[in-house]
Amino acid sequence: MRTQLVLTCLAFLCLVLGGVAGGAAKVPRNNFYKSTRCPNAEQLIRDITWSKAKNDATLGAKLLRVHYHDCFVRGCDASILLDKVGTVDSEKEARPNLSLGGFDVIDDIKRQVEAKCPGIVSCADILALSARDAVSFPFKTSMWEVETGRKDGNASLASDVNGNLPSPFSDFATLKQIFANKGLDVNDLVALSGAHTIGVSHCGEFSRRLFNFTGKGDMDPTLNATYAESLKKLCPNPANPNTTVEMDPLSSTSFDSNYFNILINQNKGLFQSDAALLNDTKSVIVIKKLQKNKTFFVEFAKSMQKMGAIQLLTGNAGEIRKNCRVKN
């Protein structure tokens with residue numbers, strides 16, 4: 001099956017695994033809300049999300065990206081949803097987060113959930129569930145399990161984002177070390193890179209590969225030459241900052257394994273960080289395995305579940321926000 005999605009990517013995905021920084025966190029459980037005063041919370045969130053996804057084919061990509069960007073800073077605590085307070089910039093103001101979308105959808109879901117079950121369902125869980133549900137809508141089944149019971153954080157600083165997200169220019173050694181520092185392995189690195197099978201990127205994230213790779217006005221020799229020439233036409237130097245290019249040419253609206261096929265067989269990974277995956281033996285083995293849709297879906301689901309358990313706030317930690325944009 002093919003999922004119609006659009007995703008704008010400004011930087012490579014970097015994940016912080018809970019328990020590596022700040023100590024191990026208690027992992028939520030399946031159907032956490034069944035035993036609360038909001039037993040139908042997950043169904044309600046899915047129904048609202050699916051109703052919105054019917055009219056917005058980009059919703060899955062938007063919410064998935066917000067979920068990613070939330071989890072790698074302070075863990076999956078919905079800190080990405082908090083607005084700026086006074087003169088102190090929140091995570092939303094950090095450059096990698098400036099193009100994020102879907103906040104209005106989260107707000108609407110939260111309002112409807114609060115109307116039925118005030119003070120029960122966290123914004124962190126709403127974000128995790130709605131991201132899964134929006135991506136799953138075209139498949140009409142859940143693409144991965146989401147354990148619930150997270151609490152919301154009460155802090156959000158743009159300064160926490162800077163330096164935590166590997167750039168699209170990262171080499172494999174850098175990517176591997178960052179992921180290893182966070183408790184993630186090469187399997188996760190490659191599987192989650194598969195998110196680049198959907199969406200688009202702005203020219204600035206890869207133009208150096210086309211026009212000034214080593215600072216001598218040259219092109220990255222690892223990039224498919226024909227593909228590079230087509231990119232130059234779309235993104236001349238200097239490029240229009242509003243121009244976007246498909247990350248997975250001819251398949252950028254379909255959630256499938258084509259990203260791995262064009263990466264390993266055609267050298268058409270758009271970012272330097274994509275091409276870097278070909279520079280490690282184990283990574284290449286994983287890429288070859290993920291060329292099949294079924295295997296990709298399974299492995300992507302596993303890594304999404306790991307991401308969803310990053311540095312969680314549970315029990316007495318954190319809070320249940322009344323409004324996802326402001327702490328109580």
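Quick reminder: no glycine exception, Cβ is built from N, Cα and C everywhere.
According to TrEMBL, the protein has these features:
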type	residues	note
SIGNAL	1-25	signal peptide
DOMAIN	31-328	domain 'Plant heme peroxidase family profile'
SITE	R65	site 'Transition state stabilizer'
ACT_SITE	H69	active site, proton acceptor
BINDING	P166	substrate binding site
BINDING	H196	heme b binding site
BINDING	T197, D248, D256	Ca(2+) 2 binding site
Additional residues surrounding Ca(2+) 2, by Cβ distance to the T197, D248, D256 centre under 8 Å: G194, H196, I198, S251, S252, S254, F255, S257, N258, Y259
Cβ-Cβ neighbours of D248 (Ca(2+) 2 binding site) (radius 10 Å): 27
